[in-house]
Structures are given as structure tokens and as C-alpha cells.
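Student: So TrEMBL has the following annotated:
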| type | residues | note |
| --- | --- | --- |
| TRANSMEM | 30-47 | transmembrane segment |
| DOMAIN | 34-457 | domain 'Major facilitator superfamily (MFS) profile' |
| TRANSMEM | 84-104 | transmembrane segment |
| TRANSMEM | 111-129 | transmembrane segment |
| TRANSMEM | 141-160 | transmembrane segment |
| TRANSMEM | 172-192 | transmembrane segment |
| TRANSMEM | 204-224 | transmembrane segment |
| TRANSMEM | 270-292 | transmembrane segment |
| TRANSMEM | 312-329 | transmembrane segment |
| TRANSMEM | 336-356 | transmembrane segment |
| TRANSMEM | 362-386 | transmembrane segment |
| TRANSMEM | 398-416 | transmembrane segment |
| TRANSMEM | 428-450 | transmembrane segment |
Amino acid sequence: MKVEVATEERASLETSGSWFMEEKRLIRKLDRRILPIACLLYLFAYLDRSNLGNARVLTGTNDGKPPLPTDALGGDPTGILFDWVNSAFFFSYILCQVPATILSKLVAPRIWLALAAIGWGTCSTLMSTGFDFGGLMTTRVFLGIFEAGFGPAIPLYFSLFYTKEEMGLRMAYWFGFAAVAGAFGGIVAFGIQNAVLPFSNWRLLFIVEGLPAICLGIITFFVLPDRPESTHYLDEREREIAIARMNRGTSGDVGAVVNKSHISMAFRDWRIYTGGVIYFALNCSLASTSAFLPTILKTLGFSSARVQLMTVPPYAVAAFVIVLGSWISDRLQSRGIPVAFASLVGGVGYLILLFVPTNLHARYFATFCITSGTYTSIGIIIAWFAHNLGSETKKATGIPMFMAIGQCGSILGSHLFPTTEGPRYIKGFAVCCGLEIFGALCALVMTISYRLDNARRNKLHGVPKEDARVDVAEMADKVCPLPFTNKI
């Protein structure tokens, strides 16, 4: 196996005294274009998948228009129909993630992501036309298909432009917009419930949150940079630096190619399945929080109108905590311990809800622990896998694999809070609590395994150079000696 200390491009760059400043300018240029588009796309993606929670309790304040279950699900006294509408998204999302992300390598990123956004925005808008269980189920299934082409593709796309030292904070900015979406969704729902309309207010919610995704998808088609070697956004010098960065500690693909042997390697990697178990635990909490936080807050005695506003602070704090936690993770160059700690914080939140049934202040504080701990853990674990899989094809397979396994937890989370078990929801809180703690234990197992693996390779081959290039065309991240340490 061929391992190079440095490429000719890297060597020529290092001989230039201005290389460091050139790279910093390139990073700032990439951030100005990539981060706003990616973050806004995720804002609307998460709004469109999670706005069912607001629609469930959204009544017309001025004219008493009914919420979604009463208007389109025949009242749904048990809450089961709503649970299935909510979980329908995750079935198609799970099944399509791996093939969609592998296929995305054969299409220019700006085209792929633009089509995905236009697709899910259209589906969300069409949910406003749903008048029965079948119509809502159909739109949610297609919403999952289009979003499956977006979520796992973004970590892969980021890894083309950002190094492993830069990924954690960028992924935090991106995933942090899921928390922003939760806060923003509550504000939008609060405004819409005061509108006087000829139709139910929840229908306007889907229109208002669906149309912007279509518009942003069109913008994405024209302004999002393609791969470093083909984008017109960079000049020749910037492209040279970007390609050198892409080949640090690995070797990036050139053009639209798929290495079939690395697909098989991903399916045989136990760490991907362990990461999927962690993601399962976290997504169970995430999905139940997104869909049922307004319902849970209503059990604290808030009115339907006030509930929408009371969902904003937990999400706003979570957005700040995920950025802070990921910044610390990048500074320490450690992923597993921050994931475990944040997941335990979420578990503590559920313990409070379970054992403090009457103190409303403590129970509201618990929602802050749940959102902050869960969102921070998910943001860091995505960054953990973005640079630990070696080749682009293994990333394109492994990232959606662990995400697909994890999204099965979203299906479970969608069924943990039926109306008949309110207002205590003991089963739902207990399951989420147990999974958060179990996810923390799995994260500790993962970080220990990476540390032992790094120590073994260092003992056999010496401490590697962080900026060395390796040919991963055959063995992906299993090549020895590996010129970078796995993220721990």
C-alpha cells in the first residue's frame, strides 16, 4: 500500500510563505457561501419534517378553527393515527438514505441538493391539501424520500471542503439549525394561530413553511459550489489549495466515481453499527421531542396559545449549547466523551420528568436538558463519522448507514406519547431516558476502541504526520500505517 508523506501540491504550497494566509482566506470564502445555504436548507428541512407537532395543537385563536387531528383525522381520540402520520416520514427516509447518498456521488452537489429541496418543499406545501389519513400519509412518505437525499449528503459534502479539525464546528452550525427550526416553528405557529382564514390555520402553517424550501432549492442550483476540482466558485490557486486540503490524511476521489469494494467494507464495519445504535437512542428522543414537545408543555398547564411560544426557549438554548459543545470538541479533538456527556444530560432531563411530577419549574427546566443534550450529541456524532471512514465511497455508504439505523429510533419515538397515556407519559419518558443513558455507554465503548486502535498503530508504525497523504483506494480507513489518528 502506497503512503506518501506529502503530495507535490502540498509541498509547493508549504514552500510559499503566504500559504497559511491563503488557506485562511479560502476557508472564509467557503464559509461565506456554503454555510448559509446548507444551514438554511436544514432549517426548512427540519421545519417541514417537524411541523406536525405544532399542527397537532394549532387552533384558530379568533375563530376556533380545529387543529389537524380534529380536522383531518376524524378527531383521533387515541392519537394513534397522528403517530402513524408522523412516523410515515421515517420509513421512506430510512429506506432511501443509503442508495440516495451513494447515488449523490454521481451528480453535481448543487443539482442534487437543489432537487432534494424543491422536492421536500413541494411535499410539505401539499400537506396543506390533506383532508384524510391517506392524503397526509402519502405526502409524508414522499417528504421522507426527498429529505433522504439531503441529510446524509451534507456531511459528505462538507468533508470535501473542510478538514477533520474544522468539521465539528461546521456540523454544529448546520445541525444547530434543527434547534433554530424548533424555536422558529413555535414563533410561526403562534402568529398563524391568530390569523382569520377561510380554512383551518394548520393548513397555512404547511404552506408558509413549505414554499421557502422550494425557493431556496432554486437558489441552491445557481450558487452552491460543486466539488473542489470542478467548481467555478474557486479560481485556479484556490482550487489547488482546496484539493490539497481534501487529500490530507486520505485521498479524495476525482470526479463522479463509486468504489464498489468500499461499499462492502462499510457493511462489515462494526463501528458503523455501534454508531447507529447511539444514533437510534438519540433520535428516539429527538423525534419524540420534535413531535410532542408542544403536547408535553400543555401538560404543564399552559394554554394552547402560550404553548407555541413556550417551545421557543428550549430550542434557542439548545442551538447555543450545540455550537459551544462542538467548539469544545474541536478544541480537544475528542468526540466520544462529549457525546457521552451530552447524552447523559438528556437522560437527566427525562429523569426529572419521571420523578418530579408536580414542580412545573423543574419540569420546564427538564425540557432544556433534553433539547440541549440530545441536539448536541447528534451534532457531534455526525462530525465523528464524517472523517473516520477513510474514502469518499465508504463515507457515502457508512454515514447514511448509521443514520438509517438511527432513524429507526425516530419511528419508536413517534409512538411513545399516545394521548391515552397523558399527562404523565411515564412509558415515553422512561424509554427515552434509558436510551439516552445506553447511548452514552456505547459512545464510551466507541471512544475506547478508537483510542486502543490509535495506540496499536502508533506502536507498530510510529506517530503519524497529521498532514500526510495516503492512498485509500484499496483499504479505505483500514490501511496501515494510517497517516492520521481516528477521531476519538
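Using N, Cα and C of the backbone, Cβ positions are placed for all residues, glycine too.
Where the annotation comes from TrEMBL, it is an automatic prediction and has not been curated.
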Student: Who are the long-range neighbours of the transmembrane segment (84-104) in its own chain, taking Cβ under 8 Å and residues 6 or more past its ends?
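Tutor: Distant contacts of the transmembrane segment (84-104): 49, 52, 73, 112, 133, 136-137, 140-145, 147-149, 151-153, 156, 258, 263, 287, 291, 393, 396-397, 399-401, 403-404, 407-408, 410-411, 414-415.
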Student: So, do the transmembrane segment (428-450) and the transmembrane segment (172-192) meet, by the test of 3 or more Cβ pairs under 8 Å (sequence gap 6 or more)?
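Tutor: Checked: the transmembrane segment (428-450) vs the transmembrane segment (172-192), no contact.
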Student: Is it the case that the transmembrane segment (270-292) and the transmembrane segment (336-356) touch, counting contact as three or more CB pairs under 8 Å in which the residues of each pair are 6 or more positions apart?
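Tutor: With 3 or more qualifying Cβ pairs, these stretches touch.
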